[in-house]
Amino acid sequence: MKRISALILTPLLILLLALPLTASAADLMIAQAANFMPAMKEIIPAFKKASGLEVQATYTSTGKLYAQIVNGAPFDLFLAADERRPQKLFNDGLTETPFVYAKGKVVLWSKDKKNIGNSWQETIKAGKLNKIAIANTETAPYGTAAMIALQHAKLWEQVKPELVYAQSIAQAFQFASTGAADAGFCAYSSMFTPTGKKGRFAVVKEAPPVIQAACILKSSEHKIAAIKFVEFLSGPEATAIKKKYGYD
């Protein structure tokens with residue numbers, strides 16, 4: 001299997017980057033995994049200020065975005081919450097070489113600070129949470145990571161009756177923050193939002209790190225803009241924003 005590697009700018013791409021952008025390249029459509037939304041909402045305006053380009057992002061679970069891309073959705077860039085789906089698209093000849101743009105982690109969070117104990121396992125074992133939000137374990141990588149941690153801790157069967165399934169990790173956080181659930185397995189990045197800071201969380205150390213890969217679609221009609229965004233994403237300004245939201 002071909003492996004994900006760092007983005008390498010070939011001489012052709014360097015030449016493309018040197019060309020002036022036309023109006024046709026001004027609209028960039030990004031398929032973005034929902035966990036990265038808080039950071040992305042700061043990165044996009046910063047990119048627009050630096051480049052003058054308008055960017056439109058669609059936020060939902062990685063699995064749903066993958067399905068949309070396979071079915072011909074007109075995205076230029078796919079920023080997933082895993083490595084598997086960008087790699088599969090690449091293996092199927094639909095994208096350029098994938099690259100890692102962020103690494104995230106899972107936490108158990110509640111807006112009611114009394115709901116979270118000294119550790120996430122202690123909190124679950126206490127049995128005081130009637131509803132616990134979790135992202136879809138098949139289509140949302142953060143949901144998969146939370147499930148793996150629960151299985152590793154032998155708590156999966158105990159907690160299954162209390163689980164409330166969300167379409168994405170962003171929706172899981174929404175469920176927990178609005179009271180639709182007592183707590184939720186959420187992205188660490190959400191803890192740096194105004195809402196996240198009001199609650200309490202415990203890091204789910206047993207969950208595997210969520211390695212997030214991205215790729216430019218070969219069908220993109222705005223490759224120059226996509227390349228410029230990718231370059232910006234790895235630059236100092238975007239890197240500072242990613243660190244601000246807890247990404248490695």
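Residue numbers in this text run from 1 along the chain shown.
Cβ coordinates come from backbone N, Cα and C, glycine included.
Long-range neighbours of THR62 (molybdate binding site) (same chain, six or more residues apart, CB within less than 8 Å of its CB): ALA33, ALA80, ALA81, ASP82, ARG85, THR139, ALA140, PRO141. Annotation comment: TrEMBL describes THR62, ILE169 as molybdate binding site.
Positions annotated as signal peptide by TrEMBL: 1-25.
Around the Cβ of ILE169 (molybdate binding site), the number of neighbouring Cβ atoms within 10 Å comes to 35.
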